Every structure is written in C-alpha cells, then in structure tokens.
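Notes to accompany the following structure.
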Amino acid sequence: MKLKEWAFLLGIMAIGIITTNLIGFNTPISDSLMGVLILCSIAFIAVCVSKIIPLKLPFIIYCSVLGMLLALPISPIGDFVSEAAGNIEFRAPITMVGALAGIAIGASVREFTKLNWRIIVVALVVMSSTFIASVIIAQVVMNITN
Amino acid sequence: MEYKSIFHRVKKEYKIYISAFLIVILSELIGEFEIDVGPGMLILFPLFYGIIIGVLLGPDLIGFFKSEEVKAASPLVLVAIAPFIVNIGIIAAQDLPLIVSLGPALLFGELGNLFTVIIALPIALFLGLKREAVGATHSINRETNLALITSVYGPDSAELRGTLALYIIGGLFGTIFFGFLASLVASTGLFHPHALAIASGVGAGIMMAAATTSLSHIYPTYADDIFALGGAGDMLTGMTGLYAALFIALPLANKIYQLLEPKIGRKKKSTVKKEETDYEA
C-alpha cells in the first residue's frame, strides 16, 4: 500500500473512532479530535518507519513502540501526547476493527462448515491452553519475584 | 490488492467504508451487556456485534458483500488496528514502571504459548489427526504463522491445512472465545488481575482487546494496568512469536509427534481429508 493510501485510510478510521467515542462514551467530537489526530499520525509515522527499517518485524510492533516512546515522560511531547490520547477510550478504536474483520472473514463460513469436528475441538484446546498456561506461569513468577 | 490511484480504491471499496461505518454506529447504539454464564460472565460489547454483523453480510450467508469485497477488507483491518495499537503504546508509557517491575512475569508468560504444543498436540493425535496436528497446535495460528508454515512446509502441505483450519476458527470465534475465557478464568479467583492481563497478550490484537476489555469490566480499578500489561504482552508475542514458533515450537512439535504418534495416533488415515479442506487460497 502506498503512503497516500495509508493516509487516506487512516482518515477513514479516524472518523470511525470519533463516532465510537461520541456514541459509546459521549465524548464530544471536539474533545476527540486532537487525540485521534495524534493516534493516526503516529500510526502513519510507524508506516514510514517500517518501510525504512529493514528489520522483519510485524508492522504493529512499530505502532506500539512509537506510541510508547513518544508518550514517555522523557519525550518532549510526552505530556501532550498522553493528554490528547487520554480522551480516546481504550476500546473506541476497536469497534471499527471488529466491523472490518467481520467483513474480511465473511467468506470463511463455508470453509468452516467443511471442517471436521476433531479440528474444532483441537482449536478450543489450543486457544484455552495458550491463555491458561500463560496466566499460571505469570502468577507463579509474580509470586516468586513478588 | 493494488490500485492505480486513491480514486480507484474508493470506487472499489466505498461500499465497505459506508457499511463498516454503519455497523460501527449500530454496534455502539446497542451498547454493552453483561450476561452470567455459569461461573463466568460473557461481556458483550460492540467489537463482537461488528464481527457478527460483518460475517452475516458476507457471501456465504446474506450475500450483501461479494468475495471480491471480502478480500479487499482484509488489508483494511490492519489499517484499523494501527491506531488502537498506538493507543496501547501510549497507555503503556504511563504504566512503564509497572511493566518493568512485572518484566519477568511478562517474559515467562510468553512460554505459555509453548505449552500449547505440549497440551494440545497429544490431544490432537489422540483424536486421530496426523501431520495437520503439527500446524494446528504449534501456535495460536494467526497471520504470521500462516506465512511461516507456508514457507516451511509448502502451500499444499498437511501442516498448512491444520494451520488454516485454526486460522478460520480463530477468526470466526476466537475473539468472542477469548473474551469469555478471560472472564471465566478470572472467576476462579486464583489469579491476580495483572497475571490475567499478561495472559491476554496472545499475539492477536483483536483477541487481546476482547480479553482485556472483559477483564476491565470485572476489575474496573485495574483497568489501565490491564490494558498496559495486555498490550505489552501482545507486543512481546508479536516480536518473539515468529522466532519462538520457528526455533522452539515447531521442533518441539515434531519431536512430540515422532514420539507419540506411533503410540496414541489412530491407525486409519488422516481424519482431516484433503478434499475437505482444499482451500483456493
């Protein structure tokens, strides 16, 4: 995807986030505006960075690291970034993700109905064991290190 | 998908934008609900409605979206999730001391992903799966794992069929499942909210969002910590997941397969038949 397309699409996502923040959390559009601008700008910078840096890392890692670096107290714009983003509820950006993800997996229903029940059981075990093993290990390590 | 210009993109995709926007409005108007299910709690929020409505409108059910549009929506998910992940990074910055102090728990929590192989692979073999089981149980099987298994075993391999099956099931039900699982495990009262948050970072942003949002409903006073730790866990999995899968999980899965398959594997041929899962992808 070209940078121009990223900018355009991030603009569309921005409208979606502002809408969610308005309907779901009663945040006035004027309050959301700066926060959304910050989030989408950092996402755009992350796209640029991921195109420059030759490391083979998932793109969203750049988003996460950049967001964190820019919001740290040592960052010159740290307070500004944290304060502006503070107006965006945690789950506000995710409703748009859900809508698009739903559309994107729409064609897998027929494939799903062809799957054997055994693989469905295995899928449930895989998902459950990932979470449960992690939580047990994390709890044990927390108890040891206090 | 390559477009000549933004104009061409909009011409092809405007139906997706408008529908997604309307789905967002509808989902937010429905709002949040908490439903008690046994000892756990199913917390319904707009993310889930979006997925359900999107799937219903798809070519296999109502047919409002054509296969072409479904394909075009895939890269848009990545764009949509970017601002969300940035926001988590920003929340994490404010909670950095906590993340650092829980560093060991976060790092070792990653090992949970490897236990998946140890627990799920024997069960898969017992159920009669063959090489599909290696692909299916080596990880939680998201996009990067699809790419990995394709490059290691090839596009026609049994391993990839297992991975694809998990990918489809995870896409359709994984998000809702993790939301419910997190609240169910929380209801045991055995775990600190911090540990539950760390476990939520399974390496798929949308699933992490579901789990952490559910947990934040149960522990409102810990909400910011939960988001920060879930985000950090997810980030770690994102960075290490591919390498852990390639250098640890897959060799481990192959070892277990060699060891256990002759003992507990069923004699008959693989139960996931080729023609049943012969994807055009």
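Backbone N, Cα and C atoms are what each Cβ position is placed from, and that goes for glycine too.
TrEMBL has this to say about the protein:
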type	residues	note
TRANSMEM	B:14-31	transmembrane segment
TRANSMEM	B:43-65	transmembrane segment
TRANSMEM	B:72-93	transmembrane segment
TRANSMEM	B:105-129	transmembrane segment
TRANSMEM	B:164-186	transmembrane segment
TRANSMEM	B:198-219	transmembrane segment
TRANSMEM	B:226-250	transmembrane segment
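The stretch in closest packing with the transmembrane segment (B:43-65), judged by the count of Cβ pairs under 8 Å and taken from B:14-31, B:72-93, B:164-186, B:198-219, is B:14-31. The stretch with the most CB contacts under 8 Å to the transmembrane segment (B:226-250), chosen from B:14-31, B:105-129, B:164-186, is B:105-129. Only residues 6 or more beyond the boundaries of the transmembrane segment (B:14-31), in the same chain, are considered here, and those with a CB under 8 A from a CB of the stretch are 45-47, 49-50, 53-54, 57, 64-65, 69, 72-73, 76.
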